[in-house]
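A.B. asks: Could you have a look at this structure, given as structure tokens, before my questions?
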2 protein chains.
Amino acid sequence: MSKIKTVAVVGGTHGNEFSGIYLLRKWQQSAALARDSFSVETVFANPKAHNDNKRYVDHDLNRQFSLADLANNELASYEQSRAKAINQQIGPKGDAKVDFIIDLHNTTSNMGPSLILLQSDRFNRQLGAYVKMHMPNAVIVLEDHTSVEQHHFLSSIAPQGVIVEIGPQPQSVIRQDVLDWMDEMTKHILDFVHLYNTDELLPLIPSYEAFRYHETLSLPLDEQGQRIGMVHRSVQDNDFEPLHSGDPIFTLFDGSEVFWKGDYEAFPHFINEAAYYDNNLAMSLAKKVQISTLD
Amino acid sequence: MSKIKTVAVVGGTHGNEFSGIYLLRKWQQSAALARDSFSVETVFANPKAHNDNKRYVDHDLNRQFSLADLANNELASYEQSRAKAINQQIGPKGDAKVDFIIDLHNTTSNMGPSLILLQSDRFNRQLGAYVKMHMPNAVIVLEDHTSVEQHHFLSSIAPQGVIVEIGPQPQSVIRQDVLDWMDEMTKHILDFVHLYNTDELLPLIPSYEAFRYHETLSLPLDEQGQRIGMVHRSVQDNDFEPLHSGDPIFTLFDGSEVFWKGDYEAFPHFINEAAYYDNNLAMSLAKKVQISTLD
């Protein structure tokens with residue numbers, strides 16, 4: 001992989017995830033993002049949704065960046081148009097002006113400082129190792145189950161892109177602990193890119209634990225599509241803790257419990273994320289994997 | 001005070017505070033709210049805001065119930081009209097059909113199961129004692145700084161009304177722990193009313209600790225009214241823990257700290273409540289008081 005010459009740091013892709021928006025304002029007052037070996041631009045992705053204090057106005061902006069959707073001019077809602085404008089500004093996807101994107105997000109789930117990688121090539125595997133070495137409480141999540149072309153995330157515009165996903169933070173709130181984690185993780189990522197560019201990377205840990213996305217679970221619904229239950233209290237807040245077949249996973253409003261019937265050791269995350277209620281999603285499940293930095 | 005013949009249990013006064021809304025649905029399937037000595041009706045206060053997954057459509061519904069505003073026909077936004085309709089249904093304030101209102105709320109703040117009393121007469125003081133005796137983690141908050149006539153809360157329509165305020169819960173989320181606390185506290189309140197009506201109250205604790213609202217603090221703002229800081233990490237989540245003069249209270253985005261300069265021992269609550277960002281409010285401060293049930 002060639003050197004990274006241009007980086008975009010994106011905040012406010014979701015208008016009610018405040019940490020990235022406030023960090024952009026803070027960083028614009030300083031040289032905190034600057035590194036010698038590449039240029040950095042900042043993008044405030046969805047100012048209208050932020051102004052309305054909402055995740056999005058018409059559609060989730062962070063689902064509008066598949067190659068097919070970007071090419072489809074009939075998709076013309078506010079966020080669908082905004083996606084095309086951002087793609088013009090820092091893309092276009094497939095031939096982007098920007099080499100690397102850091103997209104800043106918050107979750108209401110208890111995921112701590114999480115780094116979501118869209119690919120598992122050597123660059124990403126090394127990046128995950130570097131972040132874990134410098135920030136031991138960081139969690140590395142792999143969402144490499146689909147190709148970058150197919151990915152509909154904003155960070156898929158560039159050949160390389162990651163999502164910094166920090167929680168727990170309610171929508172429309174700024175928590176200092178969450179802000180500080182996002183600030184710190186972003187700086188480690190930029191440091192890594194600089195060291196990568198200048199061939200100054202010191203030896204990395206040979207391998208580390210990460211969580212590879214596997215599937216998404218829905219909340220229990222009745223035949224009319226109404227929710228009839230909630231995430232079980234023994235699962236709530238236990239993001240990245242193991243879940244086994246037979247463990248309670250939902251409590252129905254009638255008091256009965258639902259047990260998980262999977263055939264693998266699952267690691268729930270995005271547990272009870274507020275923004276996923278639109279789609280009645282309860283959580284994502286991952287499998288634990290060992291990531292090698294040697295090959 | 002005469003017996004309580006009619007009780008209204010209200011949920012969804014704020015559309016994105018989910019616990020009360022889902023409990024109303026649950027209770028409607030059972031006799032959980034029924035007691036022999038009074039009748040109970042349930043009110044889903046703001047279904048339109050819930051449908052929009054927002055706190056309110058035009059104005060905060062729970063600020064529309066002062067006598068003056070209820071009488072002002074020029075106040076005709078969605079919530080201002082809804083307030084008049086609810087006042088007609090269970091009021092009118094000053095001569096209400098309903099004797100007692102329980103209004104169910106959530107907060108994003110770490111307030112645990114809190115019971116907000118609007119008056120400190122013998123009925124309310126005994127109610128607080130009963131709830132604390134049966135639910136030791138309950139917190140009693142007094143908002144008796146203004147008369148019931150002046151209060152703009154929905155629960156001020158009836159001669160007696162309380163707010164059940166449970167957190168932490170992000171907006172638009174159902175947490176089982178928070179739902180269970182709200183369910184339990186509501187049942188204790190109804191039990192108390194029944195025992196009060198039937199003169200069957202057993203001796204109460206002679207006194208208990210409560211928190212009387214004193215003042216509200218705003219977030220640090222610049223001259224343009226933009227936020228320049230956040231709640232200090234040492235205060236975040238420490239609702240009802242003491243704050244003394246000289247303690248850090250805010251961190252500015254430039255990294256500097258702001259210290260509290262009050263001349264009393266304060267007990268912050270509603271710390272970093274998401275819904276108060278509209279008004280740039282940071283927290284409420286209370287003074288600790290001892291409530292006697294003997295006089």
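Cβ atoms here come from the backbone N, Cα and C positions, even for glycine.
Because TrEMBL annotations are produced automatically, they should be read as predictions rather than curated entries.
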A.B. asks: Same Zn(2+) site as B:HIS14, B:GLU17 according to TrEMBL: which of B:HIS50, B:HIS59, B:HIS105?
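C.D. replies: Matched candidate out of B:HIS50, B:HIS59, B:HIS105, per TrEMBL for Zn(2+) with B:HIS14, B:GLU17: B:HIS105.
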A.B. asks: With DSSP helix as H/G/I and strand as E/B, how many residues of the domain 'AstE/AspA barrel-sandwich hybrid' (B:207-288) fall in helix, strand and coil?
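C.D. replies: Summed over the domain 'AstE/AspA barrel-sandwich hybrid' (B:207-288), the classes give 6 helix, 38 strand, 38 coil.
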A.B. asks: Taking the Cβ of B:HIS105 (Zn(2+) binding site) as the centre, count every other Cβ atom within 10 Å, in any protein chain shown.
C.D. replies: 25
A.B. asks: Write down the Cα-Cα distance for B:GLU165 (active site, proton donor/acceptor) and B:HIS14 (Zn(2+) binding site), rounded and given in Å.
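C.D. replies: About 12 Å separates the two Cα atoms.
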A.B. asks: So which one is it: of the recorded positions B:GLU17, B:GLU165, which has the fewest other Cβ atoms within 10 Å?
C.D. replies: B:GLU165
A.B. asks: Give me the sequence-ordered set of same-chain residues, not including B:HIS14, B:GLU17, B:HIS105, with a C-beta within 8 angstroms of the centroid of the Zn(2+) site's C-beta atoms.
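C.D. replies: Here the non-site neighbours turn out to be B:GLY12, B:THR13, B:ASN16, B:GLY20, B:ARG55, B:ASN62, B:LEU104, B:ASN106, B:THR107, B:ALA275.
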A.B. asks: So if I draw a 10 Å sphere around the Cβ of B:HIS14 (Zn(2+) binding site), how many other Cβ atoms end up inside it?
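C.D. replies: The answer is 26 other Cβ atoms.
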